[in-house]
Amino acid sequence: MGKGENNDPKDVQRKEKAKIQLKRNIGYFDGVSFIIGSIVGAGIFVSPTGVLKHSLLNVGVALMIWTASGLVSLMGALCYAELGTALPYSGGEYSHIKRGLGSVPAFVFIWTSTFTKPASNAARALLFAEYATQPFYGICPTPDLLKKCLALAVLWSLGILNGLSVKMAAWLQAVFTLLKMMALSVIAVGGIVLLVARQKETLARFEDMFSSEIPNASQVAEAFFQGLYAYGGWWSLNYMAEEMKSPSRNIPLTVMTAVPAVIVFYLLVNISYLTVLTPKEIVSSVAVAVTWADRVIPSVAWIIPLSVAVSIFGALNSSMFTLGRLSYAGSQSGHLPLLISMLNVHSCTPAPAMIFSTIIASIFIIPSDLIMLTNYFGFSSWLMTGLTCASLIVLRYREPHLHRPYKVFLPIPFMMVAMSFFLVLAPIVWSPNLQYVYGFLFMLGSLIVYLPFIHFKLRFAFLDKITCHLQLLLEVCPADGSAEGKCE
């Protein structure tokens, strides 16, 4: 053995720990919490009316659409589970599109997401601020300045927490997911009890649930859009695949637990609403869960507005966590500034990526009218879902020997691609609007940035100096570097 060699196992282990890289701290229960937390926001408490309204108050059709929307979401999640286990890297759709379809579509995705996802977080933070402050103002509107200040405080608190500790962020997510599921359980169980207690009155409503007018194809499609929107967030686990413990086992298991659980809860909650309220009352209610609580548990009805705030907070934490991983992955591939892919030398968290995404979300909060611009990109999420499932199909044929611990039934990704492009094209065909043109132009505008800075690798020397100073200030270094590595 050479004089300078040292094969002591403890020394090797110490060096591995000293490496700066994302740690596998997220287990099965954490994964379930993140998926459920991402899907269940304010919608199911406040306005699950879109499906019923576009179903022409036909209870049977509405419940079928809730079920079908959940099953489509589960199919998509299973496609993502294959990609997440075969390619367990941070970045979710971005990483998969880049591997399957190439650098340009991946850059278009991250270019669009860098603006739309922080804007969505800003909207959640403002909605949380509204629900958190409303009890203090009664029927009076909450001052905009107070809402914006509270929204900024929440954004930065979660941004800093996620930048400091993955374990703490995961613990917070688990707590808030548990609280929101307890609130949904109160509504679901309350509905079942009332359904049993008022058998004649309520069962008659469900026996004739298909007796109302049957919606036409375009109305069913619109109701389907609303249902799928309520299940949005099922894709979140793939953003943290690099940090999952035993991803080959836990990613499919987590998906198969979380998404069916949400489907069951959504159906039970909707049945509970229909047990207490008529379809017309549900559609006309500003906040369905609050109206339900006033009828069923009037003495503690305040629990529901509080639950809405808790639910939004949990969804915001999950969204910020995943967005940080998207920025981190984009920077690692050279599609975002180098600093964003660096990790904190103490906590091994993507702190610069969290700061970057939180700053952009804060910009959207200050003039909150900017959030309205995200309406132009409603179609983009399903476009990217279609491209991700297309990547799965491409990789099946191009890389047949890629190790796939979990393989989805191949017709499912084909169905998801067809469904995704239908969901992109249908609104454009049925209700043409200039906003779709603006959205596509913005996405194509990414090529103006891509060609000089990514393809031709244009660099500015002064940016390297800024990166170096910020690296020292934030105490970060590139992933897989030594904990002692510093900018010279």
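Quick reminder: no glycine exception, Cβ is built from N, Cα and C everywhere.
All TrEMBL annotations are machine predictions without curation.
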Would you please say which range out of 26-47, 224-245 has the annotation transmembrane segment in TrEMBL?
26-47
Three or more CB pairs closer than 8 Å, sequence separation of 6 or more: does that hold for the transmembrane segment (296-316) against the transmembrane segment (178-197)?
yes
At a threshold of under 8 Å on Cβ distances, which of 178-197, 253-276, 336-365, 377-397, 409-430 pairs most often with the transmembrane segment (59-81)?
253-276
Other than its close neighbours in sequence, what residues sit by the transmembrane segment (149-172), given a CB gap under 8 Å and a spacing of at least six beyond its ends?
23, 25-26, 30, 33-34, 121-122, 125-126, 128-129, 132-133, 243, 313, 316-317, 320-321, 324, 344, 347, 349-351, 354-355, 357-358, 361-362, 365
Sequence-remote contacts (6 or more beyond its ends) of the transmembrane segment (377-397), Cβ cut-off under 8 Å?
76, 79-80, 82-83, 86, 93, 96-97, 99-101, 105, 109, 112-113, 116, 232, 235, 408, 410, 413-414, 416-417, 419-421, 423-424, 427-428, 436, 439, 442-443
